[in-house]
Every structure is written in structure tokens, then in C-alpha cells.
């Protein structure tokens, strides 16, 4: 589901290589606005959706939202101008908004602090693999250019939208609900799943109202530091909406460009799962984030420092690895630290992801065509954002060390502390 979520969302980047701008008479700024507007809708929908998710059956709710975004994505194919594309992108953002924060919340309801980062990383491979294979999928679909009088980029939205709708129908029967309500678990398995998380939560509290959970999340100052970290992280990850364009600047034709978009993401996907597993195994976050961001910085610096084709492509692989290795660790850290109730956990994950996604509204403007092929503005900014993410992790570590000391002083019986 997440693979299709990102495939549909990022189809616009590949459609650009098939004359989307020319067919709709878009300027470069209008295209960037269409990329950005999706995240306005995406941001508006996340927090209310996750609040609602604690009160409804996730299997039906999330699959229903998936069916809606499939319809909207398909309708992108009938866009005739800037206004039409802008509207479909906005509503695609609203209908896609419930899935990712909802999936994070569901995973955090079933997996412990040591397990969650790896599971989020596996989920996140849907994002990475969508970006990896999107170019190859588009390459085949673009061969339909002119079929039934439609441009290849229009067929891209139609075919991917139909595939998404079919998967949504099956998801209604296969997605889990809350641990005590999942219909395909036995009664013993339900109780075990619920008890595992109860025992693994620092400061665990009884269930509360959705509004109270939102207020508790908003009043937790640690949440806002996590939000800053994730915002900086996704700002550094802004290259994903322009990756095909960046690869195209290497000077190859469209076919080779689309093929070359695949390897960096495949490599990054495998390494991100391993890195998240390592973080969980050693119950450590800060050094894992710092090391990955150092690798990302190296890639960004090399990417804008040279025009050598091989070196620049290598840099793209390096900064993809360093950037994608961090995402699951941060989000797992949020759920483990700000999850005293399921309502607070749901709101915390949604708030952090919402604030993080604000970066996708403004980062497209760091990638003007006039800055090609080095994209110095974007690369140098991404390096700075990576440093800021690592710095935030160290501040959080110091904060949690002090918090753990206070917990030890207040109760001799407490054996569960915050991890960092």
C-alpha cells in the first residue's frame, strides 16, 4: 500500500520527463507549485485522521482512503491546464494523508521499542522501492504514448490509479485493527499483543479522549524537538521529488535516465533496513542518526563540487543511503517516547509527520532549473539540514538522560527508562 502511495504521489516527477509541462503549458514555477500543493492537503489531513483512527476500524478506514486516492490519482490524467493539475494534486494530498501516519500508529501498537524502527524501515521500503522502480514502470508505460489519443504521462496516472484501487479492495480484509480487535488473531494472540506494548511503554496511562490525547501531545516539549528533527530530515530528503531531473542532468537520454534512477534507491532501501535493525538491536538512536547524516553530507558535498558524471552519480547513491537510513529511527523514537496513551501516540506521530511534511512545500523551490546541473543551492542546503537533524538528536539524548535521572530519583521501583 505504501509503495502505491508513493508511486501515485511521485508520478508527476516522471510525467515531467514525458512532456507534462509542455502539454499543460506549465512554467517551471507552476510545476514546482503543483509539486508543493499536494503537501498542503497532506498536512491538513494527518492529525484529524490519526485522532479518528483511534475510534474506528483501521482496516476499513485506511483501505477506504486508499480507494479515494486511487480515484483522484486516475483523474489527474484528464488535467488540461495548470488549474486542473493543481486541484487534483491538492485533493490527492488530502486523500493520501491518512495512510502513512496511520500505518506508523498501527505498527507502534504491535511492536516494542527495540522492534519498531526495523518495522517502520520495512514499511518505508515501500517509499524507497516506489522511487526505485517508478522510472522503470514509467519507461514501459510511456511506450503507450499516443495510444487511444492519450499521451504516455496520462496513461501513467490511469494505470497506476487502477492498480491502487484494486489493492485497496483487498486491503479491507487483510489490514489489522487495534491489537484487541484484529479479527484474524486468536484471543490469546490479541491479549499478548496488547500486553507487550503495555509493558514496554514508559509512563503508560489509561486510555483517554482523542482531544485530550492531542492536548497531551501538544504540551509535551519533546514532541516539538522531534518535529524539528524530522522537518530538517525531510527537508534534506527534498531531492526525491526532483531525482529524475537531477539524474537527467548527467546528460543521458530519457531511457537511460529512467533506468539510472533505480539503483540508488535499491541500495538505500537495503541499507536502511539494516541500519534500523542495528539501532533496535543495540537500543541506540543518536549515533545511528549522526553517522547516517554524516554520510548524507558527504554525498551532498560531492554532488555539487564536481561535474564528473561518475562522481556525481556516486554522490547520488551516497546521499540517498545517508538520508533514507534515518527516517525510521526518528519516527520509532517518537512513538517510544511520546506514547503514554494510544491517543497521545497517534496524535504525536501525526503532528511530527505533519510538521515534517511542511518542508515539502518550500523545498521544491530550492531546485530551480537554472541551478542545473550542480544544483548548488539544493545540495548545500540539504547538507545543512542533515547537520541540523543530527544536532537535534544530540539535544534529545541529553534531555532524555536528565529525564531518566529524575525518574530514578523519584521511584526506586522503576525499571523502564527512555532510550536514546
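Quick reminder: no glycine exception, Cβ is built from N, Cα and C everywhere.
Checking the ranges 22-43, 154-175 against TrEMBL, the transmembrane segment annotation falls on 154-175. Between the listed ranges 255-277, 278-300, TrEMBL ties the annotation transmembrane segment to 255-277. As stated in TrEMBL, the feature transmembrane segment covers range 377-400 out of the listed 209-232, 377-400. Count of Cβ pairs under 8 Å against the transmembrane segment (314-334): among 59-78, 122-142, 154-175, 255-277, 377-400, the largest is for 255-277. Looking just at the domain 'Major facilitator superfamily (MFS) profile' (1-420), the mean pLDDT is 89.
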